[in-house]
Each structure stands twice: as structure tokens, then as C-alpha cells.
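Pulled from Swiss-Prot:
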| type | residues | note |
| --- | --- | --- |
| DOMAIN | 55-86 | domain 'PQ-loop 1' |
| DOMAIN | 214-245 | domain 'PQ-loop 2' |
| CARBOHYD | ASN18 | N-linked glycosylation site |
| TOPO_DOM | 1-37 | topological domain 'Lumenal' |
| TOPO_DOM | 59-74 | topological domain 'Cytoplasmic' |
| TOPO_DOM | 96-102 | topological domain 'Lumenal' |
| TOPO_DOM | 124-138 | topological domain 'Cytoplasmic' |
| TOPO_DOM | 160-189 | topological domain 'Lumenal' |
| TOPO_DOM | 211-233 | topological domain 'Cytoplasmic' |
| TOPO_DOM | 255-266 | topological domain 'Lumenal' |
| TOPO_DOM | 288-311 | topological domain 'Cytoplasmic' |
| TRANSMEM | 38-58 | transmembrane segment |
| TRANSMEM | 75-95 | transmembrane segment |
| TRANSMEM | 103-123 | transmembrane segment |
| TRANSMEM | 139-159 | transmembrane segment |
| TRANSMEM | 190-210 | transmembrane segment |
| TRANSMEM | 234-254 | transmembrane segment |
| TRANSMEM | 267-287 | transmembrane segment |
Amino acid sequence: MKTGGLSDFADFGEEDANCTQGIQWIKDVFTDCVDTDLKLLGFIIGLISLALWLIPLFPQLWQNYKTKKCEGLSLAFLFFWLVGDTCNMLGAILTNQQPIQKIIGVYYIIQDLVLWTQYGYYLKIYNRPTTSSARSNTIVVPVLALASVGSFFVFESALPPVGDHRVKRSFLESLNHQEGLPLEGILKMWPIFTSYTDMLGYIIGSMAAVCYFGGRIPQIIKNYRHSSCEGLSLTMFYIIVAANFTYGISVLLATTSWLYLLRHLPWLAGSLGCCCFDAVIISQYYLYRPKTPLAEDTERAGLLNSQDDSD
């Protein structure tokens with residue numbers, strides 16, 4: 001392995017394509033070129049982030065099950081989270097990522113759908129009787145998302161297999177070989193994107209980052225209006241902060257050029273930006289948590305002492 005360093009735009013494509021000094025199994029499984037000590041450290045931290053991302057919803061799901069309530073969750077927060085995970089999933093399919101990345105994308109969506117199911121059940125069915133129309137309004141979003149993901153798998157499996165004379169090529173892949181398209185000048189002007197498929201994956205990744213980033217705002221507003229974070233799992237947000245922070249660090253450690261940093265900017269901003277918003281939610285949790293009798297007595301004594309001093 002060689003030592004790491006930040007270089008210019010020109011070396012990105014060559015280094016990424018060859019990876020002669022990298023660890024081969026990492027490139028085969030994760031398509032990452034790990035050929036420096038810093039990249040190896042970043043890859044290890046990235047694996048930690050990946051492991052953390054497998055479990056963040058479990059504390060919230062368990063709390064919902066124990067309390068039989070989901071009122072503390074903002075519906076907009078859940079919606080943006082589901083849309084963000086769906087965008088990640090579609091991006092992995094459209095850019096033909098490794099199977100492990102597609103499987104993880106499906107896993108995220110399954111977790112989201114379980115959370116949506118809990119939300120609909122405990123809010124609309126468990127605690128009070130409801131009509132079928134009200135139930136359908138609650139579950140329509142996850143059902144549509146699941147149908148969309150399923151349709152992409154059906155479409156992908158319906159494509160002809162690779163053979164001696166037949167090549168399985170999607171519409172997006174065929175676009176990469178077209179000449180004279182309006183966006184061709186953009187690809188040649190500045191080598192941020194290597195193909196139209198690559199550009200579409202970047203756009204979808206940016207949409208996911210915006211959903212993750214902006215989805216926190218409705219939850220923060222709801223906590224502020226109710227002066228309460230009851231129903232939210234503090235453990236979930238701690239895990240999310242740790243996962244986002246370790247992911248951001250892994251990207252920064254793997255950076256070898258300004259172009260690499262620019263290509264990963266949406267995901268980097270989405271992860272580190274979410275840390276800031278999640279820190280606000282965590283601070284709200286401690287600010288709005290119910291006071292213990294001892295704390296109330298101490299606060300009351302302090303007020304009485306201040307009144308005596310003023311007299």
C-alpha cells in the first residue's frame with residue numbers, strides 16, 4: 001500500500017479504474033479501491049457505519065411495541081425517511097451496484113415498512129375503532145413504495161439474459177453510448193460524471209440526502225410545539241448519529257482528490273448535516289423530558305430564595 005494524499009482532478013479516473021495496489025476482495029465485494037493506509041482505515045470505519053445502520057430502527061420499533069403508541073413520531077419524518085431509503089435503493093439498481101448494496105437497500109425499506117405498519121396499527125386500529133378509509137389513508141404510502149420497488153425488480157428480471165449474441169442492456173446504459181444528446185456537453189465540460197447513468201445515480205443520491213436532511217425539520221417542529229419528545233427512542237438517534245458520523249469520516253479518509261470529494265458531496269452533506277439536526281432532537285429530548293420530584297423541589301426552592309432576596 002502507498003501513503004494517502006489529496007491530489008487533483010486528473011488522477012481520479014485512472015486510480016479508480018486500475019487499483020493495482022489495492023485489496024482485491026474489497027474491490028470485488030464493495031467496488032472500493034483500498035490502496036492506502038488512510039483508505040483502509042476509512043473502509044474499516046465505513047464497515048462500522050454499515051453495521052450501525054442495520055440496527056437503528058430496532059429501539060424505536062421496540063418502544064412502539066411496549067407503549068402501543070406512535071404519536072411521538074412525525075408523519076412527515078417517516079415519509080421523508082421512506083422516500084430517502086427508496087431513492088437509495090433505486091440508485092443502487094440503476095447504477096448496477098454490487099448485490100450486497102442492493103440487499104442492504106431492500107433491508108432499509110423493509111424496516112421502514114415495519115415502522116409504517118406499527119404507526120398505522122397503533123394510531124388507527126389498536127387504540128380506537130376506525131373505518132376502512134382511514135386505515136387505507138395511513139398505509140397508502142408504504143404500499144406504493146413497496147409496489148415501486150417490486151416493479152423495478154420485475155423490470156430488471158424481465159430483461160433478456162446475457163448470452164453469446166445477446167447483451168442485457170438497460171435504457172440508461174444505451175443512453176451512455178448515444179451521441180449528440182443535450183447533456184453530452186456537460187459530461188465533456190467537467191469530468192464529474194463518467195456517464196448518464198452515473199449522473200442519474202448522483203441526482204438520486206442528492207434527492208435521498210435532501211430527504212434525510214429535510215425530514216428532521218418536521219420532527220423538530222413537532223417536538224417544539226408539544227414541548228415533548230415522548231414516544232421517540234433516544235437510543236435510535238444516538239445510533240443514527242454514530243452511523244452518520246462514522247460514514248462521513250470514512251468518506252473523508254478515503255478522499256484522494258477534490259473530484260472524489262465532490263462526487264460524494266451529497267452523501268457527505270446528508271450524513272454530517274443529519275448529525276446536526278439529530279443533535280437538536282437529542283437536546284430537545286433532555287430539555288423536554290419530565291422533571292423528577294427532586295428537580296421540581298430544587299427549582300421551587302430556588303424561586304423562593306430569589307423572592308426572599310428581592311424582599
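Every residue gets a Cβ built from N, Cα and C, even glycine.
If you average pLDDT over the topological domain 'Cytoplasmic' (124-138) in this model, you get 58.
The transmembrane segment (38-58) shares more Cβ pairs under 8 Å with 234-254 than with any other stretch in the list 75-95, 190-210, 234-254, 267-287. At the 8 Å Cβ threshold, with sequence separation of at least 6, the transmembrane segment (190-210) lacks contact with the transmembrane segment (234-254), having fewer than 3 such pairs. Fewer than three CB pairs closer than 8 A are found between the transmembrane segment (234-254) and the transmembrane segment (75-95), and contact between the two stretches is not assigned (pairs 6 or more residues apart).
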